[in-house]
Amino acid sequence: DIVLTQSPASLAVSLGQRATISCRASESVDNYGISFMNWFQQKPGQPPKLLIYAASNQGSGVPARFSGSGSGTDFSLNIHPMEEDDTAMYFCQQSKEVPWTFGGGTKLEIK
């Protein structure tokens, strides 16, 4: 299975500043010229919401302050400017190989 290592495990960012979350895969998640890396946001009591798919594409209705980048094994999610509503857990997920696997999560809070 592809192992995803997320960092940091927790992060506190001031309103209006930038939050950066990293995800490293144990092997490349690229195939057919596509990076099969996705990012999800989850709030307590709610299902995960897709923010970014294929490394850098925004999900439907996702604000422009969420952006993703990377290829191969190294990826990042950026949130800028940080808003109060962005407090949540964030997860990377690879969809290159079954079983699809998730990172351990990053808890994002307001500083």
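Every residue, even glycine, has its Cβ placed from backbone N, Cα and C.
What Swiss-Prot records for C23-C92 is disulfide bond, and it gives sequence analysis as the kind of evidence. Among the features that Swiss-Prot reports, region 'Framework-1' is placed at 1-23. According to Swiss-Prot, the region 'Complementarity-determining-1' annotation covers 24-38. For 39-53, the entry in Swiss-Prot reads region 'Framework-2'. Look at Swiss-Prot and you will find 54-60 tagged as region 'Complementarity-determining-2'. As annotated by Swiss-Prot, region 'Framework-3' applies to 61-92. Annotation comment: Swiss-Prot describes 93-101 as region 'Complementarity-determining-3'. Summarising the annotation, Swiss-Prot assigns region 'Framework-4' to 102-111.
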Winner by Cβ pairs under 8 Å against the region 'Framework-3' (61-92), considering only 1-23, 24-38, 39-53, 102-111:
1-23
Go through 1-23, 24-38, 39-53 and flag the stretch with the largest number of C-beta pairs under 8 Å relative to the region 'Complementarity-determining-3' (93-101).
24-38
Intrachain neighbours beyond the region 'Framework-1' (1-23), with Cβ under 8 angstroms and 6 or more residues off its ends:
29, 37, 39, 70, 74-84, 86, 90-94, 96-97, 99, 101-111
Using all protein chains in view, find how many other C-beta atoms are within 10 Å of the C-beta of C92 (disulfide bond).
30
